[in-house]
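Noted in TrEMBL for the protein shown:
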DOMAIN    1-72  domain 'S1-like'
């Protein structure tokens with residue numbers, strides 16, 4: 001599956017489940033189960049109930065999603081960083 005096929009969405013974490021999974025509610029009211037991506041797990045980024053997150057959802061299975069970013073209240077959106085070559 002190509003990365004272009006993924007659907008990006010914003011959601012709110014409603015419940016923390018066992019095994020690093022979360023019940024999230026999309027902005028349109030749809031609920032699904034989500035898990036953290038590898039980099040968030042590697043850097044021990046903690047996600048709590050009530051946090052705003054960004055998700056990637058596969059069009060083939062709309063019941064599961066991958067959390068890619070946790071939005072922090074009061075912080076402006078991150079600007080793109082220029083990488084040196």
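In case you wondered, yes, glycine gets a Cβ from its N, Cα and C as well.
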Looking only at the domain 'S1-like' (1-72), what is the mean pLDDT?
92
Secondary structure content of the domain 'S1-like' (1-72), with strand meaning DSSP E or B
8 helix, 41 strand, 23 coil
